[in-house]
Amino acid sequence: MPNSTHSLFQLVLTNLVVLFLIVSAQQPQDTPIARFQRYLRINTAHPRPDYSSAISFLESQALSINLQVKTLEFSPGKPVLLLTWPGSNPSLPSLLFNSHLDSVPAESSKWTHPPFFAVRSPDGKIFARGAQDDKCIGVQYLEAIRNLKEKNFAPVRTVHVSYVPDEEIGGVNGILKFVASEEFRKLNVGFAMDEGQASPGDEFRVFYADRSPWNLIIKAKGMPGHGSRMYDNSAMENLMKSVEIISRFRESQFDVVKAGEAPNSEVVSVNPVYVKAGIPSPSGFVMNMQPSEAEAGFNIRLPPVADPELVRRRIAEEWAPARRNMTYQIIELGPLRDYMGRPLTTPTNDSNPWWPIFKQAITAVGGKLAKPEILASTTDARYIRQLGIPVLGFSPMKNTPILLHEHNEFLEDTVYLEGIEVYESIIRSLSSFEESSSY
Ligand SMILES: [Zn+2]
């Protein structure tokens, strides 16, 4: 080969190598972290969650590991994705691993990294809306199954994985319709897992119940009158008396929390959220007239141990009594008792045969469990518990600040990867549990 041709050849070769390196660096890698990032980059935040892109991503992941795939739609545009890994003994009740597709909105301008870029910082933090709540578990379930399949593990019980819409806006067109469906009944679910919350400490947190939200609106009526007159039973006076009484109750509950006698999630919380009164004028409100109507709104959260009847009676007799010209409306958001009338709690003792298996699965991978808790907020788990199915709320994120619904939500890569191992252990143990066909 002449010298000039030789150097030309070398130049072309070098360029080709460089081109190859550039192209391969730009190719998205197919690693567990890359797959997590791909899911996080799909914007499923309200008010316009892109459910179809999320479903097609998850579906392709599921098909790549040979899971059975079914998309159900109980409300138009609100798909539920159901994946199934059949067990060797399908007559045994199955397992369900649930997560929600949607997330709360993110105010981009308040974030260090754009909330749907899933940027991984040099120290391994993956920033995205949904990183903790709850896209992590959604993909971890799949990664755990992928690893178990690679190790030729075969489940005895059938394992289902579900992805539901609209959890963040109450689940009425999501989990609620799913659990009420014939398809759900046919799954014969014996035990389910749903999202939990991050743990700032070294122990994993697990939740056996949620608090139930109530919205309370109280309305007062009274004689209108001149601003200068003092008289009994004005609407404002009646409303303010109620506000005082409710505030005292709130304080009594908060004192228990402050004294360390119970966590926030075990008391009845009641917080004022609005007051509406006064007669509008062009410059604000008419100031020399006492209005004939006034109302206030409260957000109440009831732990499963609270007696809803007692709270209802308290509202009727003390917070909005008819004798003070008060009326009220309670909007109960979700169930308080299961179909048998029992509180919506999942036992975390040996009376629940799944509990020791779950616990053991955590210790098997060197994990520690914190004392089981009631979740202060609400998840879809309550709708599954309502059917009498035991559900644990669990998201394996330890040494992680609680950032759900906050700016700069992130999850560390190592925490995410460890979570996959934890689910491998959980799915392996639970799906191998053969005892008693009643569970
Ligand atoms: Zn969530």
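Here the Cβ of each residue, glycine as well, is placed from N, Cα and C on the backbone.
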Going by the Zn(2+) 2 site in TrEMBL, where Asp133, Glu168 are listed, which of the candidates His226, His405 is also part of it?
His405
Would you identify which residue of His100, His113, His160 TrEMBL lists as part of the Zn(2+) 1 site it also attributes to Asp133, Glu195?
His100
Neighbourhood of His100 (Zn(2+) 1 binding site), C-beta criterion under 8 angstroms, separation at least six:
Asp134, Tyr163, Val164, Pro165, Asp166, Glu167, Glu168, Gly171, Gly174, Ile175, Glu195, Asp380
Sparsest-packed among the binding-site residues, when each Cβ's other Cβ atoms within 10 Å are tallied, from Asp133, Glu168:
Glu168
Go through the recorded positions Asp102, Asp133, Glu195 and pull out the ones with a Cβ less than 6 angstroms from some atom of ligand 1.
Asp133, Glu195
How do the residues of the domain 'Peptidase M20 dimerisation' (215-318) split into helix, strand and coil according to DSSP?
38 helix, 34 strand, 32 coil
